[in-house]
Every structure is written in structure tokens, then in C-alpha cells.
Amino acid sequence: MNIREAIAAVVARRDLTQAEAASVMEEIMSGTATPAQIGAFLTALHMKGETDAEIAGMAAVMREKATHVYFDGPVIDTCGTGGDGAHTFNISTTAAFVAAGAGLTVAKHGNRAMSSVCGSADVLEGLGVQIELDAEGVARCLREAGIGFMFAPKFHPAMRFAGPVRREIGIRTVFNILGPLTNPARARYQVLGVASAALAEKLAYALSRLDTVHALVVHGDGGVDELTLSGPNLIFDVRAGQAPRQMLVAPEDVGLPRAPQDALRGGDVAYNVAIVRAILSGEEHGPRRDVVLFNAAAAMVAGDLAPDLATGVAMARHSIDSGRALERLNQMIAVSRGE
């Protein structure tokens, strides 16, 4: 199916198969499709609503077109789709260091802030990490620090064809949700935070169509794209060859007290950097530390390091209290800067 045929189909509200969506994405990412065709397709797809098959087909092509990071061993990604408007501090980024301190190899894929003041790239840069590394630089971080960061614009050169169109049409499109599915290090383990419950289910099924080994897709209480402390969280457990399993998990189920969402608010880069350092150094106790423990625990489970979230919380606590989480941050800073 070519993109003109796909536009006609989607305008008529017909869902594309995974193979058809992949074929269209191939045209977009090879520069064959015109800007007008890309804009029409993205808008029509958004209005129809993307299916898990369409998302998976497009993600598979975007993965292939990425600049790959090669690492000999399993890696996990912790990220969110963003767009929740909650303005929390950088929870998943902090949790990534805690997960690395517990023994996982974390290949984090992210960008600068889109809907918040301070995105993962912004806070890492503020902490002293050199974020614009090439594939070999990231691989070195994975080998020597147990955690690396792939700055999305550097690793998706084929996005240059769709990027200007996305900016010009100014609406959220399927590309806003493809980023977390297209890790250049081919992470087959993942924690994916999603701000919408309906989209969380859709992305769980999309991941089950890809080569995922184990992932947790999480939707926080109140519409947040990470596990939170204010109430029950929706989790989809995705394992290779199985339909996603849905569950509700409240903080007290894993031994953590509830806290209002306002207790997790972040600020500008300097403010968030101070929070991350205070948590990783063990100085901070309270809701901000607790929410990091919760989200790091999800990584332990998705990475098959912990059998359940309660055990994961205990492992996360030890990662911080032993100094290993902070050590991972300091190692990442040094390795990324060539020191």
C-alpha cells in the first residue's frame, strides 16, 4: 500500500494492517512521500485514532531506520510519552539511576522538554552529563557506567522528513507516541509511562506485537505518565508471546504511603537537578524518594531482576542507601565526558 492509498483508506475510517502501516512509514522515512502527503496522512490517522497494529507497524520501521547502539547484553529503557501536564520532577530519569545501581543496564532514550519545563535531556545536561554522544559513546557508557542516554534527534536521522511537517501542523500525532517505542539500543525490556488509560492499553498491545521480552506499561492515578502515590495505578504486564495482563496497584500494596500529586511537582532545570541529587545521595526522604522507589521497582520487575513490585521497592531502597545509584550517576558523567 502506498501513502496515497493509505490516506484514502484512513479518511474512510478503515484501519490499516500492521504491514500496510509499515509500508506507509517506509515511504515517509525514506523521503519518498511529499510533505503534503505526510501531513494529510498524520492528520487523518489522528482523527480516526491509531490502532495497536498501526503503531507497531510504524514503530518497526522507525526502529530499523534509527542509528543503532550496539551492546552485548540485555538493556532496559524507562520513559514516558509525556503530555500529562502534571509538571512532576524527572521521576523516570531518577529511577533509571536507581535501577542501574541495582544491576540493570539502562539505555535511556529521550529528548528535551516538550510539555514540561525540564525533560530528561535537560536534567541530565544540568547534572553534568554530555548528552549528545554518538552510538559508540553511548555504548561506552553502557559498558562502563551501566547506563547511557540516547538524545533522540541524534539517533533518528530519517525523522528529518516528518519533523518539519509535524511542527507546521501543530497537533499531536502518532509520532508523539512512537519515540518511546523506538529505542536505538533495541531495548527489549521497558517501563513505559502513558498519560491516558486507553492509550496505555493500546501501547501494551503494540509492544506485544514487537520483539518485547518483558515490559510494564503504566498509567498513574490522575492521568500521569508514571506510577504515582496518590491512588491506584493501572499497569499492563507485557511478556513475549502473551496477551498483556492488566492490574491495579496502589502504593500501599508495595509498602509505600500515599501522597498528593502536588508533593511531586518539579520546576526548572536547576530545581530538578537539586531534587535528583538529593534523592540519589540519600539525603531526601519522603514522597519524592518514595515515587522514585516505586518507578525503579517497576524497572526491576520489567527487567526480570525482581519477582514483584514490593521486592523491587526493597532493591531500589538498597540501591540508593548503598550509594550505588549515585555512583552510577557519577560514572555516567565521567564516561560521557571522556574522563
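Backbone N, Cα and C define each Cβ position, glycine as well.
The 5-phospho-alpha-D-ribose 1-diphosphate binding site annotation in Swiss-Prot covers G80, 83-84, T88, 90-93, 108-116, S120 and is backed by sequence analysis. Summarising the annotation, Swiss-Prot assigns anthranilate 1 binding site to G80, N111. Here Swiss-Prot flags S92, E226 as Mg(2+) 1 binding site, drawing on sequence analysis. Taken from Swiss-Prot, the feature anthranilate 2 binding site covers R166, and the record attributes it to sequence analysis. Annotation comment: Swiss-Prot describes D225, E226 as Mg(2+) 2 binding site, evidence class sequence analysis.
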Quiz item: Once near-sequence residues are set aside, which residues in the chain of E226 (Mg(2+) 1 binding site), 6 or more away, have Cβ atoms under 8 Å from its Cβ?
Solution: G80, T88, I91, S92, G193, V218, G220, V291, N295
Exercise. List nothing but the one residue from T88, S92, N111 whose Cβ has the fewest other Cβ atoms within 10 Å; the candidates are the binding-site residues.
Key: N111
Exercise. Inside 10 Å of the Cβ of G80 (5-phospho-alpha-D-ribose 1-diphosphate binding site), count up the other Cβ atoms and send me the figure.
Key: 24
Quiz item: Cα of R166 (anthranilate 2 binding site) to Cα of D225 (Mg(2+) 2 binding site): how many Å, rounded?
Solution: 22
Quiz item: What does DSSP say about D225 (Mg(2+) 2 binding site): helix, strand or coil?
Solution: coil
Exercise. Name the secondary structure element type, per DSSP in three states, that contains H109 (5-phospho-alpha-D-ribose 1-diphosphate binding site).
Key: strand
Quiz item: If you count Cβ atoms within 10 Å of each one, which of the binding-site residues H109, R112, R166 comes out on top?
Solution: H109
Exercise. Ten-angstrom check, please: count other Cβ atoms within 10 Å of the Cβ of D225 (Mg(2+) 2 binding site), all chains counted.
Key: 28
Practice problem: Write down the Cα-Cα distance for D225 (Mg(2+) 2 binding site) and N111 (anthranilate 1 binding site), rounded and given in Å. | Solution: 16
